[in-house]
Amino acid sequence: MIAASKHHLELLTACVIYGTVGIFMEYLKDMSVGSIIFYRVLFGLSAILCYLAITGNLSQLAFKKKKKYLLLLGILYVSQMFSYYSAIRYLGASSAVLLLYTDPIYLTFLAPALLGEKNTEKTIFALFLGLIGVFYVTRPEGGFEQIAFGSDYLKGVVFGLVGGLFSSGVIISVRYLRNEYNGLTQLVWQSVISLVFLSPFAVTLPGQVLVENLYTLMLFGVMITGIGAVFYIRGVAGVSAITGSILTLLEPVSCIFFDYTVLGSDVHSGMLIGCFFILAAAIVISLDNCVFLRKFIFGEKLASSIKLPFWKKELLRPQGK
């Protein structure tokens, strides 16, 4: 297997693993979102530390510059996870993951203010596509008039959109820190910070409930935060940002697939239409121009002279969800 194909397979495997989140959430009983995230991160972090110890790379966890931004990354990371998992609880995995993929919409607004990037016709077009997608994903089959104020459906939509906002913050932070800390190092420290903030949820969880869900929690943590993250980081390291951004679109597709085939959840036509527009927006925002699309399809190398603004390069999903 050539190196490029290996990296493609690793990235695709990670996305399929991430797509199983709805299954795990369904099988975890009598646990709050905060306690689920705590133990998932705890077991996943343990797996990553074992991996780093076996490979002799624990030294890479040493602090360097920009330590306060690691704290910010951890806060954004735990906020994103809490919002995303809450959306899954209220809406189901299919709608929640699509709303998480609205982060390019927020980046379109945040990039000019935080990064000095100017929006182009392409980014505005992507924003338009994304907003259409959000409309269809959040619209019930019977129309918006059926949504009652304070209903679980409305809570799920709000959590999903807020999760996309925090995800855009994670993307910006990850890019800002990448010259000081690699992907696994960032994941370890953002996980440690998350455990600190989520510890109250773990303390209040009854021991009997923990025992009943322990096996699922361990598998959840090792699969998503451990194996999934390692495959993701190894995969994105060997592909271009454009290729990676497109390949990671398998995550919402696999999430919807598992939600429908394994859990038997309904997938209404509006969700599929919204899925098309949101993923189209992600593709548009990831491509600098049509030449990139042609080169991606035919496997040509990208010209090194063409530069992408850094927020577009980092539209890959934050690892370790």
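Heads up, the Cβ atoms here are built off N, Cα and C, so glycines get one too.
Caution: TrEMBL annotation is automatic and unverified by curators.
Since we're looking at a predicted model, the values are computed, not measured.
Quick look at what TrEMBL lists:
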DOMAIN    11-138  domain 'EamA'
DOMAIN    155-286  domain 'EamA'
TRANSMEM  7-25  transmembrane segment
TRANSMEM  37-57  transmembrane segment
TRANSMEM  69-87  transmembrane segment
TRANSMEM  93-115  transmembrane segment
TRANSMEM  122-138  transmembrane segment
TRANSMEM  158-177  transmembrane segment
TRANSMEM  184-202  transmembrane segment
TRANSMEM  214-233  transmembrane segment
TRANSMEM  245-263  transmembrane segment
TRANSMEM  269-292  transmembrane segment
Leading stretch by Cβ pairs under 8 Å, where the reference is the transmembrane segment (37-57) and the options are 7-25, 122-138, 158-177, 214-233, 245-263:
214-233
By DSSP assignment, list the helix, strand and coil residue numbers for the domain 'EamA' (155-286), in that order.
111 helix, 0 strand, 21 coil
Which residues of the chain, 6 or more past the ends of the transmembrane segment (93-115), have a CB below 8 A from one of its CBs?
19, 21-22, 25, 80, 84, 87, 123-124, 126-127, 130-131, 133-134, 137-138, 156-157, 159-161, 163-165, 167-168, 171-172, 251-252, 255-256, 258-260, 263, 265, 267, 271, 274-275, 278-279, 281-282, 285, 309-311, 315
Do any residues of this chain, six or more beyond the ends of the transmembrane segment (122-138), have a C-beta under 8 angstroms from a C-beta of it, and if so which?
95, 98-99, 102, 104-105, 108, 111, 157, 160-161, 270-271, 273-282, 284-285, 287, 289
What stretch, picked from 69-87, 214-233, 245-263, has the most CB pairs under 8 A with the transmembrane segment (158-177)?
69-87
Beyond the flanks of the transmembrane segment (245-263) by at least 6 residues, Cβ under 8 Å:
8, 11-12, 15-16, 18-23, 26, 92-94, 97-98, 101, 235, 239, 271, 275, 278-279, 282-283, 286, 296, 315-317
